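Have a look at the structure below before the remarks.
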Amino acid sequence: MEDSESQLPSDQDQTPEPLLSSLDIFLFSLVAGLLIYWFFFRKKPEPVLDIKPFHAVPPPITESSFIEKMKKTNRNIVVFYGSQTGTAEEFANRLAKDAHRYGMKGMAADPEEYDMSELSRLKEIPNSMAVFCMATYGEGDPTDNAQEFYDWMQGADDDLEGVNFAVFGLGNKTYEHYNAMGKYTDKKLAELGGKRVFDLGLGDDDSNLEEDFISWKEQFWPAVCEFFGVEATGEDSSIRQFELVVHNDINMNQVYTGEMGRLKSFQTQKPPFDSKNPFLSPVTVNRKLNKGGNRHLMHIELNITDSKIRYDAGDHVAVYPTNDAAVVNRIGERLGIDLDTVISLKNLDEECNKKHPFPCPTTYRTALTHYLDVNNTPRTNALYQSWVLDSERNILAILEDLPSLNPPIDHLCELLPRLQARYYSIASSSKVYATSIHICAVVIEYTTKTGRVFKGVATNWLKNKEVTDNGHKHTVPMYVRRSQFRLPFKPSNPIIMIGPGTGIAPFMGFIQERAWQKEQGKDVGETILFFGCRHKNEDFLYQEELEKFEREGVLTQLSVAFSRDQEHKIYVQHLLKKNKEQLWKLIHLNNAHIYVCGDARNMARDVHAAFYEIAEEVGGLTHTQAVDYFKKLMTKGRYSQDVWS
C-alpha cells in the first residue's frame, strides 16, 4: 500500500558553513538545523520557568471556518495537508512559515478540522491563496484526515473562480497510482474554476522526497511573488516554532506518559478506539513461524475482547511502538540532560491550532520513547545523501559521530519527526476469530555501512512482547484501519491470491473466511494461493495450516515457489506462467478476483508483467490491450493490491 510520506511500516540530518547559501536550506535537514543553531546561538536560551502548579486548561473551541479564522488573524495564505505519517503536515508548516519572508501571513490547516465547502469564500480575502500538500495512501486513496475533503471534491460543483491555489503531491513511484491524490486535487480545483498559481509538484518518496519538495518550493515562491506583485522582505523566519517551558512543580497525574490524545486514556479505556485513542490489546500469542534461517518471522495474536473493535479480513491493524529504552538513555547521556524533566513545548504562534508538537506536558524520556522518531535517518537534502541516508545514520549515530555537536534537547525534540503507527495486514478473519487480531511480520535487523546494527522499531518491539513476563501481561496500543482489500461479495466467485513471504498475511484471513463460508453451506468458488519463500524447510509460513486447508478442499490449489531450493531461482510469477491457461479461463470467463500482497518494487511489478503475458499468449491480446484489460479489472475491484516498498 502506498504511503507517499513514508512507507509502512516505515522506520524515517556538518559541513562547513560556506557549503550552504541561506537559512532556508538549513531548515531542510535536521543536522543543518541543529548546526546553525549551535554555531550562531551557542548560548542556550533561558527556558521559561513555570514553578506554579499546573492546572489543566480545557481545550479551546475549535473554529470550523478557516475563512473566519484567517480574517480574524489577518492571514492570506492557508496551507492544507493530507497527511498519514506527518511529512505532508511538516511540509505545510514550512510553507506557512515561509510566507512571512514575502510579506504574507500563512497558516497550516488540517482539512478534517474545517468546513472545506467554504473554499469558494477564499476570494473574500485580498491577495489570498490556498496551497495543498496532499499525500497518497494505499492504492491511490486519500489519507485519513483528507477523506472528507476528497468526498467533498468528488461531489462538488462549487464555483472557485477567483480562488488561487497550488498543489504539491507526496507519492511513491513504485506504486500503480503514483501521487493520485495530488493529481486529483490539482485537476479538480482547476475544473471548478480555481486559478493555478504554480504547477503541480510531485514528490517521490522512492527517490528523495525532501529534495523534490525543496526544488518545487524554490520555484513556487518566485511564482507567487510575481503573481501577487510582491517581493521577498529579506527577513528570515525564526528558526524556532516552539518555546520551552519547564515544569518544576507539577502534579504528575497531569503529565502525559505516552497517550496519543486524552490524558490517562491508557488507564481508563473508553471506546471508540482510533488513532487518537488506541486500545491496549493484550498479547495472547507470540510465536516464531520459521523453522530455520537467520531471520525471525513471527505470528502475534492481540486480544480485542470487550473493545467493541470490529474488523474484516483484509483490514490493517495499526500499532504504536516505542523506541528502545537503551537508545533513549544514550541520547540523554550524550547530551547530558535529565530525561525525567517535565516540559512543554508551546507554539510561539498563539493562533495556531497545533499548540504542541506532541502531547504536553510530558518528560523528555516519554517524548523520546513514545512520540519522536529517533531510530530512522532524518529526512535530508542531497548534500547529506551519502553521509546520512546511504550510511543510515539515525540521530544517535549523528550525535556520536559528531562529538562537537551539542544541540539543546528541546530543539532536538522540536525538529525530530513524530514516531508513527505501523500498519500490518491483518492475518485473520473476524468470522473465525471475533475476539482477536493476528499479525504476521518479519523482524527487521541488519548491519549498516557504519558497522552499526539497525533494528526496526516496531518489529523488534513486537518480538519482545512475550505473552507473560513474570505475571505481567504485555499490551500493544492499536486500532483498526479499514481497507478496500476485500473478498468478493459473492463467495462463488473464484479468487486468485499471490502473496510471497509475509504477503501471506491477509490471505490467511481470506482462507479462514472461505472455510467458514463453506461450513455455512455457501457455494464457495475456487480458492487458489500462490505463495513464495526461500526454503521449504526454513520459512514455509503457516505450512501446516495451509496444507490442512488444501486437504479439506478449502484451498483448491496451493502453489509454492521455493526460490532457493534449486540452482535457478523460482518466484511466484514463474508459477503464474506455468498455470496460464487455467488462470486466463478463471479471469476471463469465470469472473475471478485477483489479489496481490507484498513487495511493490519488484514482486508486484513482476506479477503485473506475468498477467500481461498470460493475456497476450492465451487471450490473444496485444500488449496495449492486455494493459488496458487489467486496468479495467482494477477499476471494477477485481484486481486488488496491498503492497509496500
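The backbone N, Cα and C atoms fix where each Cβ goes, glycine too.
Per TrEMBL, the features are:
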- 20-40: transmembrane segment (TRANSMEM)
- 77-221: domain 'Flavodoxin-like' (DOMAIN)
- 83-88, 135-138, 170-179, D205: FMN binding site (BINDING)
- 276-488: domain 'FAD-binding FR-type' (DOMAIN)
- R295, T502, S563, R564, K569, I570, Y571, V572, Q573, D606: NADP(+) binding site (BINDING)
- R422, Y423, Y424, S425, C440, A441, V442, Y446, G456, V457, A458, T459, W644: FAD binding site (BINDING)
Among A135, C440, V442, A458 [binding-site residues], residue with fewest other Cβ within 10 Å: V442
Rounded to the nearest Å - Cα separation of C440 (FAD binding site) and G138 (FMN binding site): 19
Spatially closest candidate among G138, Y424, A458, the listed binding-site residues, to S563 (NADP(+) binding site) (Cα to Cα): Y424
Residue among the binding-site residues Y175, Y178, Y424, Y571, W644 whose Cβ has the most other Cβ atoms within 10 Å: Y175
Overall pLDDT of the domain 'FAD-binding FR-type' (276-488), taken as the mean: 93
Spatial neighbours of G456 (FAD binding site), counting only the binding-site residues A135, Y178, R295, Q573 and Cα distances within 10 Å: none
Binding-site residues: S83, N172, S563, Q573 - member with fewest neighbouring CB atoms within 10 Å: S563
Whole-number Å value of the largest CA-CA distance among R295, T502, S563, R564, K569, I570, Y571, V572, Q573, D606, listed as NADP(+)-binding: 24
Least buried by Cβ count (within 10 Å) of the binding-site residues R295, R422, K569: K569
Lowest local Cβ density (other Cβ within 10 Å) among binding-site residues: G86, G138, G456: G86
Between Y178 (FMN binding site) and A458 (FAD binding site), the C-alpha gap once rounded to whole angstrom: 26
Binding-site residues near G138 (FMN binding site) (Cα-Cα within 10 Å), from Y424, V442, A458, Q573, W644: W644
Spatially closest candidate among G86, Y175, K569, the listed binding-site residues, to R422 (FAD binding site) (Cα to Cα): G86
